[in-house]
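Chemist: I grabbed these lines from TrEMBL:
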| type | residues | note |
| --- | --- | --- |
| TRANSMEM | 21-43 | transmembrane segment |
| DOMAIN | 23-302 | domain 'ABC transmembrane type-1' |
| TRANSMEM | 55-73 | transmembrane segment |
| TRANSMEM | 129-151 | transmembrane segment |
| TRANSMEM | 157-178 | transmembrane segment |
| TRANSMEM | 238-262 | transmembrane segment |
| TRANSMEM | 282-300 | transmembrane segment |
| REGION | 316-347 | region 'Disordered' |
| DOMAIN | 352-585 | domain 'ABC transporter' |
| REGION | 598-642 | region 'Disordered' |
| COMPBIAS | 598-624 | compositional bias 'Low complexity' |
Amino acid sequence: MTAAPAPRGLIRELTRAQRRLLLGGVLLGMAGVVSTLVQPQIVSRLIAAAGQHRPVAGLITLLAVLFLADAALSSTQGYLIGRAGENIVRDARVLLAGKVLRADLAHLNAQRQGDVHTRLVGDTALMKIALTQSLAQIILNGLVVVGGTLMMALIDVWLLLLTVGCLGVASAASVWLARGLRKAALANREDTGEFGADLQRVLAALPTVKAASAEGREESRLAGLADQARRSGNRVTVLNALLSPVLNVGLQASLAAVMGVGMARVATGSLGVADFTAFTMYLFYLVSPLVLVFISIGVYQQGRAAVQRVDELAGLPQEDDPASGEGYAPGDRSSLGDGSGIPAPDGGHPAVEFRDVGFGYGDRPVLEGVSFTIPRRGLTALVGVSGAGKTTVFQLIERFYRPGHGAVVLDGKDIAHLSPAEIRGRVGYVQQDSAAMRGTLRENIVYAAPDAAEADIAEAVELAGLADVVAALPDGLDTRLGDQGIGLSGGQRQRLCVARALLQKPAVILLDEATAHLDSDAEAALRDSLRRIARRCAVVAIAHRISTVVEADRIVVLDAGRVRAVGTHQQLLQNDGLYRRLATAQFADNALAGSAAGSAARPAAGPSTAPSAGSAAGLSAGPPAGEPSPAPSALPTAGAAR
Ligand SMILES: Nc1ncnc2c1ncn2[C@@H]1O[C@H](COP(=O)(O)OP(=O)(O)OP(=O)(O)O)[C@@H](O)[C@H]1O
């Protein structure tokens, strides 16, 4: 992941929010530690009292109370720490989801979606274990170890030195293993992310995979990645499996040494039986906490690998929100209803203006010196060969990306100084791939205007030519759609997206090949609607259908990232060779489509299927495809058109 590092305080911030639960848990745990450490002392006194025939009932009761207190403290502490852990995961997921949703697209697009998913879901869960359970185990069991060692030092320093000597070597080996474990765990998290990313890629393109009979190839590829994750997982398992036995060997060696030396000293009388019993009890009490400390260090190291990945995701650069105060006043929006909400009458600022815009994805230039204007009303068509930069122009208007130089101006305001919400509130965008989501039709339509009135929804549905589709569905607008709008045809999905954009009542509507999947009748109906809408706001359409382009009030011809010409259909037919070629090729396509439709016994295409008589005449009268462009001086230039 190439994201900038997260603010270092992220993890501290997440844990600080849970400080009460964490502190409560640790304090209860510490009380439990005290109760554990006192027990051998009570046992030692019990042995001494029994040896001297003194009453022992009080000591036995105290011991029983301590055992019970120990259990109660330990479970309450576990509950508090566990709750803090769940809260941390929730906070981390909410924070990361927000960061991903507001991420700068240029940076987010560089990430693999599946890996982002793994970080958000899997790594946050692992992070919880590191930040709460294992950290608490390390602290509390560490306290038992430290406290127990002190008590042992008070009983017999020489026996303690013997114990520490045996354990020292094992502890050093365990620390070394724990370090290796962290590296292995990080590699395993990355490999798991890789697998998730690839799985997501395949699932998103499953129909393509099936159509290409590529299931076997994809399965092998996924198996390779799963295998890679298994190998790094195995390294984690090996290191984990070594951690406890290494320590156990040290513990067993120290127990044997303490038993041997201690018993010999008891025999010579230099160590009392009660002290020896207490020392041995402490040593037994230390076994489990010491092992747990090292296991928790191992788990913590694995969790730190997840924390690192969460941290990186949190560092994803965000879309900046200049909040410069140059924004629009609330309610300063156009209205589809009666047009009264449109900010200024014709003759004010253009709806959109590109001023000498240059842009590239990474180092690759895509647009250069692009200047044109889009009036506040009317239909503007953006045409050009595939890859000319048409969609990029739309994405710059939405400020999904920022221009390298020049300015994109929306209603007289440079969008560099507007917030994303201000820009996108005024611009409705129907994407090329007609994004619909799981949910009902209604939820999809009101997505950008959740408070829309029923009458407005009905109007948008009608204008988008979706009314017949909705009427034919048994549940109407409440019909449920699957992922990516499964349940609707491509054309119906496109109309749904148009309805969604219309309902937003934008000042500018961007349609990226919004009629590509529509049949002739549906396209004619939508063009009719667009004509009506274009009387009230700016409609900008990237269109490959000549019928849409012919009707445009003005056409901007893009060629290899530059504005080549601006004009009406007739002007461009006469003056621009590229446009003429595009129009002629399109006319030929339409003729082919028309004959195919005819042979399929469909009703004859209405007036909307073919260009108007005048246009057709204009097109057919044009020179053949491939003719060189006329001299640029003959064209109304982009600048002149402004
Ligand atoms: N996210 C991206 N990252 C890198 N390059 C991109 C990206 N999007 C588009 N491009 C490149 O930018 C150029 C312009 O793409 P764009 O989608 O704007 O063209 P277009 O005119 O809309 O094409 P089409 O008519 O085929 O949709 C293309 O060469 C494309 O490969």
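Every residue, even glycine, has its Cβ placed from backbone N, Cα and C.
Predicted automatically and left uncurated, TrEMBL annotations should be read as such.
Buried or exposed, and what's around them? Tell me for each listed feature.
Modeler: Cβ atoms under 8 Å from those of the transmembrane segment (129-151) belong to residues 11, 14-15, 18, 22, 25-26, 29-30, 32-34, 36-37, 40-41, 77, 81-82, 84-85, 88, 160, 164, 278, 282-283, 285-286, 289-290, 292-293, 295-297, 299-300, 302-304, 306-307 of the same chain, restricted to positions at least 6 beyond its ends.
This prediction places the mean pLDDT of the domain 'ABC transporter' (352-585) at 86.
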Chemist: Is the transmembrane segment (21-43) packed against any residues at least 6 beyond its ends, judged by a Cβ distance under 8 Å, and which are they?
Modeler: 15, 59, 62-63, 66-67, 69-70, 73-74, 76-78, 80-81, 83-84, 87, 132, 136, 139-140, 143-144, 147-148, 151, 277-278, 281-282, 285
